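Structure first, commentary second.
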Ligand SMILES: NC(=O)c1ccc[n+]([C@@H]2O[C@H](COP(=O)([O-])OP(=O)(O)OC[C@H]3O[C@@H](n4cnc5c(N)ncnc54)[C@H](OP(=O)(O)O)[C@@H]3O)[C@@H](O)[C@H]2O)c1
């Protein structure tokens with residue numbers, strides 16, 4: 001259940017704020033604007049910040065967090081910071097060094113949550129997207145259960161409070177859950193989730209194992225041409241979302257965020273625009289009716305904006321399973 005501090009309890013006893021600030025931006029803005037917008041997000045009330053090694057802006061986001069601690073706006077323990085283990089570091093012996101590198105870049109002593117970014121191990125090295133002659137990622141054969149054991153050790157060492165996964169399908173999650181000698185369950189699975197891909201089955205599966213589903217692209221993604229097929233419809237122009245927004249005197253974006261919170265999903269919202277960052281925190285100021293929720297459930301159409309086709313040939317490519 002949601003407490004007055006707008007958090008939910010994870011299966012390891014820690015708490016996660018139900019609204020998170022997404023920090024991914026294209027390279028032109030990721031470095032130059034991340035610090036300013038993250039500071040602003042903290043000022044207007046965001047307490048959960050979602051970042052990753054591969055976004056290449058952990059230095060700026062870490063600086064933002066440290067400056068809001070230094071000026072007394074927040075204490076470290078008020079902030080929930082997520083980083084992600086990149087695909088070149090899924091080999092067991094590379095996990096802890098990767099987290100230590102993020103911590104050094106951030107200049108923080110720990111992260112709150114460290115998650116496996118994708119279940120797709122690729123060739124280790126400095127290159128973030130090592131590709132073959134067909135432009136597809138070069139797979140590395142790694143047992144995800146071994147990666148998981150290394151994450152468990154990072155938690156025990158205090159480098160991260162909680163550990164989880166991202167972009168895992170239910171079979172991949174099951175493999176971790178059924179691992180002999182499992183010490184900690186994943187606290188979350190962070191996946192694409194919005195009214196056009198509402199992930200009902202994966203959500204039910206996660207709920208049945210006390211795993212929190214964290215929604216990315218909850219506003220329909222940034223529609224960057226490198227990652228998203230721009231022929232797909234624009235989520236925030238959906239007539240049902242627009243009608244519900246109008247009825248509540250809110251925006252379609254707020255309706256899309258509120259929908260997730262009311263169905264027990266932790267939701268991320270990326271914005272690098274101050275007006276919209278401030279708007280998004282208003283998700284706590286209104287409530288959708290059961291009829292609204294049902295109407296939004298009805299517009300699901302299995303549209304995946306981030307297909308990550310670079311990884312389509314990888315034996316662990318997650319999105320061929322139904323859920
Ligand atoms: N685990 C993964 O593999 C993975 C993958 C993708 C994303 N993520 C995480 O999830 C975060 C969010 O996903 P996302 O980056 O795809 O974006 P998103 O949250 O779906 O947002 C998409 C776009 O909506 C716009 N927007 C924000 N607030 C709005 C509002 N109130 N009204 C109208 N438009 C609004 C933003 O543009 P402006 O900036 O111009 O406001 C943003 O570019 C990422 O930043 C990242 O932290 C994780």
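Just so you know, glycine gets a Cβ as well, placed from its N, Cα and C.
Annotations in TrEMBL come from automatic prediction, not curation.
So that you can see what the record holds, here are the features copied from TrEMBL:
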| type | residues | note |
| --- | --- | --- |
| DOMAIN | 19-300 | domain 'NADP-dependent oxidoreductase' |
| ACT_SITE | 55 | active site, proton donor |
| SITE | 84 | site 'Lowers pKa of active site Tyr' |
| BINDING | 117 | substrate binding site |
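Residue 117 (substrate binding site) sits 5 Å from residue 84 (site 'Lowers pKa of active site Tyr'), counting Cα to Cα. The residue listed as 'active site, proton donor' is 10 Å away from residue 84 (site 'Lowers pKa of active site Tyr') when you measure Cα to Cα. DSSP assigns residue 117 (substrate binding site) to coil, not to a helix or a strand. Residue density at residue 117 (substrate binding site): 19 other Cβ atoms are found within 10 A of its Cβ, drawing on all protein chains shown. For the recorded site, residue 55 (active site, proton donor), the DSSP three-state label reads helix. Sequence-distant neighbours of residue 55 (active site, proton donor): residues of the same chain at least 6 apart with a C-beta under 8 Å from its C-beta are 23, 24, 25, 30. The average pLDDT for the domain 'NADP-dependent oxidoreductase' (19-300) in the predicted structure is 98.
Around residue 84 (site 'Lowers pKa of active site Tyr'), taking its Cβ as the centre, 26 other Cβ atoms fall within 10 Å, counting all chains.
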